[in-house]
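As recorded in Swiss-Prot:
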type	residues	note
BINDING	T24, G48, C49, G50, T51, G52, D72, A101	S-adenosyl-L-methionine binding site
Amino acid sequence: MSWPYATPGIPDEEFIRAEGVPMTKAEIRALALSKLRLIKGGTLVDVGCGTGTISVEAALIMGEGSKVYAIDKDPLAVEITKKNAAKFGVGDRLIVAEGDALELLPKLPRSNRYFLGGGGRELPMLFQTALELAGTGGVIVADVITLESLRLALDFLENAGVKYEIAQVYIARGRRLGGYTILSPLNPVYIITAYA
């Protein structure tokens with residue numbers, strides 16, 4: 001299956017999933033991908049790829065000649081990402097690696113686009129490494145859910161003097177209940193965009 005549209009936001013249900021493997025939801029994914037300012041034929045590194053939704057959509061957007069390097073420490077996430085890459089026809093330009101991101105990042109080909117989809121307490125070190133590797137003009141986007149991760153990221157970016165933007169995104173999806181439509185909220189997400 002390939003995605004026939006030129007816009008991001010493939011419906012969540014189109015992706016292969018596995019219990020315990022996180023997925024960036026369609027609406028958040030569309031915003032994060034727009035913040036990355038992807039380039040045709042470009043390269044992206046996706047840290048903490050989970051089900052590979054960001055990786056797959058980035059590979060589709062950047063098209064032929066592009067490369068996406070997806071990293072996750074969870075072997076199941078790596079397996080699911082590979083399956084989603086094959087399902088959407090981007091397996092030839094999406095390389096998936098299992099391991100610790102801080103160890104793998106310096107070994108990958110350089111990129112000026114990084115997506116940090118996890119990181120927890122390592123988020124400041126991931127930002128630092130990505131900023132160093134991205135070089136001038138690089139864009140690093142992270143999505144975080146917890147206030148603790150947000151604080152860690154903002155403290156690092158402020159202390160490092162890095163230009164950044166932040167947006168809190170709150171999405172509610174409509175669903176039918178007893179003949180009525182109600183809105184069911186997704187978790188609020190903070191999208192942080194840092195510029196190297």
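Glycine is treated like the rest: Cβ placed from N, Cα and C.
A C-beta separation below 8 Å, combined with a sequence spacing of at least six in one chain, links T51 (S-adenosyl-L-methionine binding site) to F15, I16, R17, A18, V21, P22, M23, A77, I80, T81, N84. The C-beta environment of G48 (S-adenosyl-L-methionine binding site), restricted to residues of the same chain at least 6 apart in sequence and closer than 8 Å, consists of P22, I71, D72, A101, L116, G117, G118, G119. Set side by side, the binding-site residues C49, A101 differ in how many other CB atoms lie within 10 angstroms of their CB, and the most is found at C49.
The sparsest Cβ neighbourhood within 10 Å, among the listed binding-site residues (G50, G52), is found at G50.
Secondary structure from DSSP puts D72 (S-adenosyl-L-methionine binding site) in a beta strand.
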